[in-house]
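A.B. asks: Per TrEMBL, the features are:
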| type | residues | note |
| --- | --- | --- |
| BINDING | B:134, B:135, B:136, B:137, B:138, B:158, B:159, B:171, B:180 | NAD(+) binding site |
| BINDING | B:213, B:273, B:289 | Zn(2+) binding site |
| COMPBIAS | B:1-19 | compositional bias 'Polar residues' |
| DOMAIN | B:210-348 | domain '3-dehydroquinate synthase C-terminal' |
| REGION | B:1-23 | region 'Disordered' |
């Protein structure tokens, strides 16, 4: 797989194709990507995987009682299937259901989970299973990182965003009143199981939001993905859905493994995010994250086009790709507001901010500029749109 | 320093004596013990250290804003001194004060701390300072382990128990309604500063409780300590106070470094604790931890004497040593109650339990027995008292 990152990566991801061919087969059913964190784990991507999760966990020698953490949207749809899958492998699972929504990513809900675990005498030898989107994955991971100072957990992401973004990187957190993700831990799962079939029931807006993160990778690490998505925009019915998810997971795993402590290259993953935070905040967090990222990518791509050498044709292709996925590429939110939000971002250091700017297919650059310069350049850039 | 542990240790602790002599000088003023965890850190023990903490932190290249977490007992006594020490080294500290007492080791108080940090825009580049006993140290460590997924922290233990026990090992936690220390993380401090002068204001009962943990080490790893304490029981005025604290810290550091994951040798630190949990629970946690540990040690020593070859003379010496420190060595709590509590201990594994039994000066053994056997042996042992 071609990598066009600026800095050399240690090739730390292995894609194992179990369909009996050496070359990546786009329409094959199964992908396994080993994420070489400490400890390493495997992301499994396969249609119908939910029905065999129990057997996969036995193969991984996961013992003890599984506790499924899910929410009121996903639980009614898939908890029964997962319970059956676990029972078929001789597990005796418990189920805990959170209210669906970002408001559940709170200290209060976290504490409810911990008390549930303690009240049911869950020990360090048991295992949590996150069945849901990013909120469920983040809160479950943080519970697993801290209950009895750490127990094992498994992720079963049920949104496109969670599959391509949250399943790699080990970041877990809940929100505090003062801000998002302020309280958390790094915790690697024992395994991640992505079943693309569950995306059929994902609300359309959420699927589109996930595409915002998918498109991001076309300008980070994987120019081939651009061709694939341009030819056929992603839908839950896409024949290349498994393959696209796998390529995004592999790209994120490569970038994370090359920079576990988020000192440099890993910041590339923030493409589109510097201004996205302001967009989400302005909407009081009613704008889906992926939509905000899409607008953020579009603005940064225009900056790349006007100031950092992104060819006009590649800029146009990127915007078309976002539009083809029904993603927004412009905003009415005042630029001043977005810049002020960026100033309070975790990536802001005093007078400077590090932005990620697309410069060619499969390629973005980290650029650290004074806030004032960013304001000037963006104003000039947008006056030309 | 002689080590008489059963299993060979990698000699991972260095005692640096800064008084210009190579040999350990019992009455010297300063001890520095390097704890070789990942990352390594130093425990400083020195009379009057509180006044120079700021300079030591500068020497360690600790930057950012320090946030002192203390409680309503310790804060009024020492927070001002610490603030002055930090200001003298050009820090701008904040102070947050918890209600004193074990009830503060709660999720609710933890959340108050986290919101305080977020509301004051504390970042990953700042540092928490735990100024207090075990409760303050445990809750501050857990806050540091998780605020923004981890920031630095420094410990300034102000109780004897916290100096000899909590300052090494990296265990942080708060209590859940279902049990103690059920929610936490492993987090190593940047440094630990023990100023024995602060023990002058420690309530007598708390000092005595700390002696329970000190005596424990005489039968774990350090037979020389037995002679030292027998000659002159420890008081806040003892000339050998610094040295005794240093010997306990060094012993714990050796044991922890030899077994970071608590699979084997580290369990020796539970000497006296298997039955202590039941004693504390029976008293509704009004019995000080060190008192319960002392009774637990006495009971285990008697078991060692009747069943596992502890010489009568050494048994007698241990009991005398506990008594000389005004610690209890017997209990009216029914043995059945203690055994039932031990059955629910984290060290209990189904039908078996691992107990720690003194077998000679500076030497205890880990013995895994069925609960039924422990009950029989203890009953037989105590009927001979």
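One is the number of the first residue shown, and numbering goes on along the chain from there.
Just so it is clear, glycine is given a Cβ too, placed from its N, Cα and C backbone atoms.
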A.B. asks: Within 10 angstroms of the C-beta of residue B:159 (NAD(+) binding site), what count of other C-beta atoms is obtained when all protein chains are considered?
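C.D. replies: Excluding its own Cβ, residue B:159 (NAD(+) binding site) sees 26 Cβ atoms within 10 Å.
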A.B. asks: Look up residue B:138 (NAD(+) binding site) in the DSSP assignment and report helix, strand or coil.
C.D. replies: helix
A.B. asks: May I ask which of the binding-site residues B:213, B:273, B:289 is closest to residue B:134 (NAD(+) binding site) if we compare their C-alpha atoms?
C.D. replies: B:289
A.B. asks: Compute the C-alpha separation of residue B:138 (NAD(+) binding site) from residue B:289 (Zn(2+) binding site), stating it in Å without decimals.
C.D. replies: 15
A.B. asks: Whole-number answer please: how many Å between the C-alpha atoms of residue B:213 (Zn(2+) binding site) and residue B:159 (NAD(+) binding site)?
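C.D. replies: Their Cα atoms are separated by 12 Å.
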A.B. asks: Select one residue from B:180, B:273: among these binding-site residues, choose the one with the most other Cβ atoms within 10 Å of its Cβ.
C.D. replies: B:273
A.B. asks: List only the single closest residue to residue B:273 (Zn(2+) binding site), chosen from the binding-site residues B:136, B:159, B:180 by CA-CA distance.
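C.D. replies: The answer is B:180.
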A.B. asks: In sequence order, which same-chain residues at least six apart have a C-beta under 8 angstroms from residue B:289 (Zn(2+) binding site)?
C.D. replies: B:134, B:161, B:209, B:212, B:276, B:280
A.B. asks: Using DSSP with the three-state reduction, classify residue B:180 (NAD(+) binding site) as helix, strand or coil.
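C.D. replies: Its secondary structure by DSSP: strand.
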A.B. asks: Taking the center of the Cβ atoms of B:213, B:273, B:289 at the recorded Zn(2+) site, which other residues in this chain have a Cβ no more than 8 Å from that point?
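C.D. replies: Nearby residues not in the site list: B:161, B:165, B:212, B:216, B:272, B:276, B:290, B:292, B:293, B:296.
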A.B. asks: Per-residue pLDDT averaged over the domain '3-dehydroquinate synthase C-terminal' (B:210-348) comes to what?
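C.D. replies: Computed over the domain '3-dehydroquinate synthase C-terminal' (B:210-348), the mean pLDDT is 90 on the 0 to 100 scale.
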A.B. asks: Give me the long-range Cβ neighbours of residue B:136 (NAD(+) binding site): same chain, 6+ apart, Cβ under 8 Å, in sequence order.
C.D. replies: B:69, B:70, B:71, B:74, B:98, B:130
A.B. asks: Give me the DSSP three-state residue breakdown of the domain '3-dehydroquinate synthase C-terminal' (B:210-348), ordered helix, strand, coil.
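C.D. replies: The domain '3-dehydroquinate synthase C-terminal' (B:210-348) comes out at 92 helix, 1 strand, 46 coil.
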